[in-house]
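Listed features, source TrEMBL:
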type: DOMAIN; residues: 19-155; note: domain 'N-acetyltransferase'
Amino acid sequence: MKSPKRQASPACTSVIEVIAEPHLTAADEARIAEILRQSFPTDYQGRSFFQQRPHMRLVWREGRVLSHMSLFLRAIRVGDRVVDVIGVGDVATAAEARGRGHATALLDRCKTVANSSRARFVILFGDRALYDRAGFLPAANPFRHCQMVGARTGDIVEGASPFLRVLPLMDAPWPEDEQVDFLGHLF
């Protein structure tokens, strides 16, 4: 499933693509792995994802992929309710393309995708002003998840994070005091 959205660029035509994971090409996967390697100190071991393959990718392309974002459609438990969310991860831009608004544009597209889905919230872990400007709110909820170490399952971990951010959709209020169970790995 590819649905390009044309963005203006003085040098060439830029395209934001939504790519369903089964349709990710080997060339795009290798390029995304390279961008992640450039962007994070974590060893991704050559993978194009951190803990688990996402359901879809958003990429900014100018001939080749310059910026990337993973989206995960997940059911999580918030208090006593199971709710659908879009998890965001692996947000990265190639070193030569940083500071040009690519991640902001991908985040805007993420919000469009999320608003057309059954998800009630978009959730991510990050501390960049980019997320605050996009309307994400800090969430201090205690949470439980399956720890992943590289590509290995670890322990079930409980805690909290100052980096948890939530974007409510459909005017759904985020339950600030409820325990969150990610029913699996983080994003």
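A Cβ is built for glycine as well, from the same backbone N, Cα and C atoms used for every other residue.
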For the domain 'N-acetyltransferase' (19-155), what does DSSP give as the number of helix, strand and coil residues? 39 helix, 55 strand, 43 coil
Please average pLDDT over the domain 'N-acetyltransferase' (19-155) for the predicted structure. 95
